[in-house]
Amino acid sequence: MDGRRRWLDIQKLGPNGKGHFVFVTNLSPCSGVRLHLWPAKGILTSDISVNKRIVEVTSKMVNIPSGPAPRQIEPGSQTEQASPSSILWLHPTDMHGFRFLTISVAPRQTVSGRPPPATSMGVGQFFNPDEGEIELSPQSVIPMIYSQKDILLKEDHPLVINIWFSISLAILPVTMSVKTTGCGIQKSEFSADETGDMDISSLCKLRCFPPVAMAWDASSGLNVFPNLYSETIMVDSSPGVWSSKPGSEKTNVLLLIDPHCSYRTSFDVPITTAAGRFILLYFSQIFGFSIAVIFFALMRQAYAWEIDLPIPSLLSAVESNLRLPLPFISLALVPNFLVLLHSYLFSQPLASVISFIIISTICYLFANGLMLALIAISLLVFYIAATAHAFFKRRWRTFENNERLYFPQWFLSLSCAVLSSKVVRIITSHPSPVIALVAFPVVCLVHPALGLFLLLSSHAVSCHNALSSHVQNEESRGGSGDGEMSKYRQHIPKYNGQSNKLVPLNENISSGLENVKSYAETQLEIFHHRHGLLILHLLATLMFLPSLVAWLQRIGVGQSFPWFLDSILIIGVLLHGICDPRPEFNFFFPFPGFKGQWEIKLSLAYLLAGYVSYLSGLALTPYTTFYAIATVGFVSFVFRVIQRDKGSSRKHSHHRQ
């Protein structure tokens, strides 16, 4: 701040396409610095007023966030250049008809008794924007995940470096490092005693102002990163979703760096930050897709029952839906094309089609992986519990024949007496009415999540019982020797094809082994069916956990009844779990206007519910999947009522092809 006015000749400094002018400074506009445009001397006529001859462009300066200014302990002790706090950009049309540009700097203010302020800075340049433009294509950005990309900028480079990222920095945040490699100072200019361990970068910090990055995104707007020496640049945006704005799949970064210095600019993508950012941005979409994945798996299980094939496990059903080309395309890509068609017909703005399809496909694959992990963990828990149950049950039978073990026999007799009581027998023989009797009032009067917890408990108990029966019968069938087989034959039940009603075996050995196989496989199919319902309703319960936590925090302060719509939807979810406890309760309605093979079956209902859940994920509204689950539940309830009135049901044979 020396109080001088500097004259810049626009015609001499701006030839060869350098018609743009940029100026950065840490001085305050108007009070610290002013800029004016002046016409040529030949145009200065007396009949034109001074106000019309001279145009002040200081008002076009824009303040930007700046880092902390370095302070001087005493005059001349500054070791680092100040960070710019204002920027001015003049287009060639702004300077058309003018010959000179003046920069007037106010004199330095002196205040006694205080440390002097940081040294002022101001750098201006006429430049060509095309010379400082760098475009990073996806082929250049993706390798940054495992390797660093360097860009060297020599001295006298453009002050503004325009970097285009073809992949939005909301998806792949980039760590940008700017290191000064030179500023016109050579080590040979100093003797060995003068330099010592002197680093050129520390010398250049005194001559070059700190770099500033400005990231522009179509959704989040402008983000400024002052004092950019090494920082991860990310923007708050969700590109590639249904509601994304056009152009949000790209990010534009303006890098303001001192043209008097040379730099090495490095780019790399931190994989952990990128993965966490991706999950944070698309969690709602992934959760909606997860429910769709389970619906599609239930569809495959229901379809296997309808064509008289063994019900596959939930794990194999999810894996089958990932096969190319037909299952994956019909389940993962068809909803995307429906959204594109809807946006085209109703003239709704949509982001890049390629970006939309890629992001949706990645989220769908991530949801499948998440569900496969959840299913595998739950299967491991259930198999460990079933194996332990079968082991301890076999040990208890050994204790029954040992007269010296009085206490275990007494405890076993007491347990059998409790389990054979009338209340327990009613609950175990009619679990669905008991769950309905308890859960419905809880859902309507207390909180919906508590009713869902009761339903999950019922699913877990049913899964454990079915898998334990399967494991015990597999052990009895695979036992060594006829003696062990005859030992357990009296405990082996026979499956009658309708429900879990058991009759004793009194047939020959081959018929008994066939019945054992039929019963064991039936119990395994029941486990697979209930396991799918358990995972689906577990996801529905997770969406109510925040509401449950808030409800628990309000205990003793003031309570209110649950919302009517929430209660209705959760009642539909409960009906889905209560009215469809076994595979044989697969509903089928004749298609209106058709007879014969044209029926609305459970597999079709699950397919449509999966599509609705997929679209809910695309719209970032996973809570709307409750409508799909509740609809299937109400339809199952209506079918059960009609089926009970007609007294008809479909059997499922256990033929293996």
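Cβ from N, Cα, C; glycine included.
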Correct range for region 'Disordered' (source TrEMBL, candidates 65-84, 485-504): 65-84
Residues from the same chain, set at least six apart from the ends of the transmembrane segment (373-392), whose C-beta lies under 8 A from its own: 313-315, 318, 463-464, 467-468, 470-472, 475, 527, 531, 534-535
Any contact, the transmembrane segment (561-579) to the transmembrane segment (279-304), with at least 3 Cβ pairs under 8 A: no
Any contact, the transmembrane segment (434-456) to the transmembrane segment (279-304), with at least 3 Cβ pairs under 8 A: no
